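According to TrEMBL, the features are:
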DOMAIN    411-535  domain 'STAS'
TRANSMEM  12-34  transmembrane segment
TRANSMEM  41-60  transmembrane segment
TRANSMEM  66-88  transmembrane segment
TRANSMEM  100-126  transmembrane segment
TRANSMEM  146-164  transmembrane segment
TRANSMEM  176-196  transmembrane segment
TRANSMEM  225-249  transmembrane segment
TRANSMEM  261-278  transmembrane segment
TRANSMEM  298-319  transmembrane segment
TRANSMEM  326-346  transmembrane segment
TRANSMEM  366-386  transmembrane segment
Amino acid sequence: MLVPQAMSYARLAGLQPIYGLYSSFVPVFVYAVFGSSRQLAVGPVALVSLLVSNALSGIADPSEELYTELAILLALLVGIFECIMGFLRLGWLIRFISHSVISGFTTASAVVIGLSQLKYFLGYSVSRSSKIVPLIESIIAGADQFKWPPFLLGSTILVILLVMKHVGKAKKELQFVRAAGPLTGLALGTTIAKVFHPPSISLVGDIPQGLPEFSFPKSIDHAKLLLPTAALITGVAILESVGIAKALAAKNRYELDSNSELFGLGVANIFGSLFSAYPTTGSFSRSAVNSESEAKTGLSGLITGTIIGCSLLFLTPMFKYIPQCALAAIVISAVSGLVDYEGAIFLWRVDKRDFTLWTITSTTTLFLGIEIGVLIGVGVSLAFVIHESANPHIAVLGRLPGTTVYRNVKQYPEAYAYNGIVIVRIDAPIYFANISYIKDRLREYEVAIDKRTNKGPDLEKIYFVILELSPVTYIDSSAVEAIKKLYEEYKTRDIQLAISNPSKEVLLILARSGIVELIGREWFYVRVHDAVQVCLHYVETPPTNVEESSNNTSLWRRSSAKNSSTYAEVKPETNLLEGTIGVKRELRHSKL
């Protein structure tokens, strides 16, 4: 499976087929030693090959020696980037690229790759481009040069490949049929070309025999030009390879370290560049076949590399009569599975925002090019993340009938609140980017409460605002200052602020900043229900002085009596801080 695919992908990258075999030799051995995945099949892949072609075609002509030197140099740069990311443990950066962006990008790239290979089917030259419009224009412009023999042969081989792939996927006992597809297509095309010698079908031609020689990549002065492309290829290679490796590790029940995986891929590319390889990464289709063949260790990679070495030493004369259209059919068959229309339909049903992101990424990749498509897709994805972070979910809580549980009134319409009391849950960390939004929403809730679902005394205004902070994992200095101002603002309108169930970290920050003393310890509670009971007590029997606000259900007092939910039943003897490791010590240092 690797031999025909490697030769095909090298042609896609604008290189001679021999460089696909070189890229399938040394990197495979090196990854088997340094890589962490036991099933990942490393070598040339379609998407990276297209990126190489797209980047280098603007610098040199594929027929020039400089083009090949730059492709080898690109492997060195990609390897260095991957090793740096592995050493610095920066694999987490890839998490910011969403599945929608990846799916849209690979779908558009698959379409571009397929169109770029049509020239071998049609029998005439098509312009090299990563944009769909120039490709279609070029295909239409050369229609008068169309030749039937390569089209018929290429289409026949493509149909055979697709049928064998389908049979291999549909029936587990026939998995070998899927793996044998590329070799079958290559053998059929070579036989027809050898027997009938059709003049209109272009052949691969002579391929050098022997193993690649050691040489340091040349044209180092062009490295600066290649850095952006190397960074993009690194990102794409990591997404494709690490994602596959993690899936295979989960399937085969072992742990995979993403950073070790990055280092293994980086070393494979660096050593590969010293032996005339262009950028490589893990292949989805070949890794799947490797796993289905029950490979359990990196030994499978060593065996693959050995067979590739034997092919380079003894079999390259046989590759002379391989039709170019057969290699093109292998590429088209391989990338056809990357067109993720089912994923797009799923996103449309489940999440319109993710579908929008998929559409933006795929459209921009098709019409503006791969680099711009990826950048726009990632940019829009990050914009969505920032928007969500700056506009967090905030819920008004109500009490479920017959319980002491408080839930979102929009999710549970039967939940009821109490007149004069607003209970608000903030479902995100509070920091400088979202505190203004949170304050605006709190002001809205103060005046926009639906009194039809409320109980208790008939009051005209809000007297208590209870903040449920259990989902809040972090609060920064800007948010602390904003809470202070909010408290002062509430105070001028005779509104008391109460805090319910903050985490240890949040509580310590509030204590160090003086907010606990400002609001009053007596207004910090373990549960929402405790806070509501005390607020109801004041609503029904207003206190005559502030000292009466001290109560037994304060956050600073933990109940030791039956875990009771009512104000009167809770005993004050046990301090909550005594049972929280480290909190008492921290608060003492905060002079509280």
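All positions are counted from 1 along the displayed chain.
Glycine is treated like the rest: Cβ placed from N, Cα and C.
In this chain, the transmembrane segment (66-88) does not touch the transmembrane segment (176-196); fewer than three CB pairs sit within less than 8 A of each other, excluding pairs fewer than 6 residues apart.
Remote same-chain residues near the transmembrane segment (66-88) are listed as 13-16, 19, 23, 52, 55-56, 59-60, 217-220, 222-223, 226-227, 229-231, 233-234, 237-238, 259-273, 276-280 (criterion: CB distance under 8 Å, separation of at least six residues from the stretch ends).
The residues of the domain 'STAS' (411-535), classed with DSSP into helix (H, G, I), strand (E, B) and coil, number 57 helix, 25 strand, 43 coil. Three or more CB pairs closer than 8 A are found between the transmembrane segment (366-386) and the transmembrane segment (225-249), so contact between the two stretches is assigned (pairs 6 or more residues apart).
Between the transmembrane segment (261-278) and the transmembrane segment (298-319) there are fewer than 3 Cβ pairs closer than 8 Å, counting only pairs 6 or more residues apart in sequence, which means the two stretches are not in contact. Long-range contacts of the transmembrane segment (298-319) within the same chain: residues 2-3, 6-7, 17-18, 21-22, 24-26, 28-29, 31-33, 35, 38-39, 41-42, 190, 204, 207-212, 290, each at least 6 residues beyond the stretch ends and with a Cβ under 8 Å from a Cβ of the stretch. For the domain 'STAS' (411-535), the model gives a mean pLDDT of 88.
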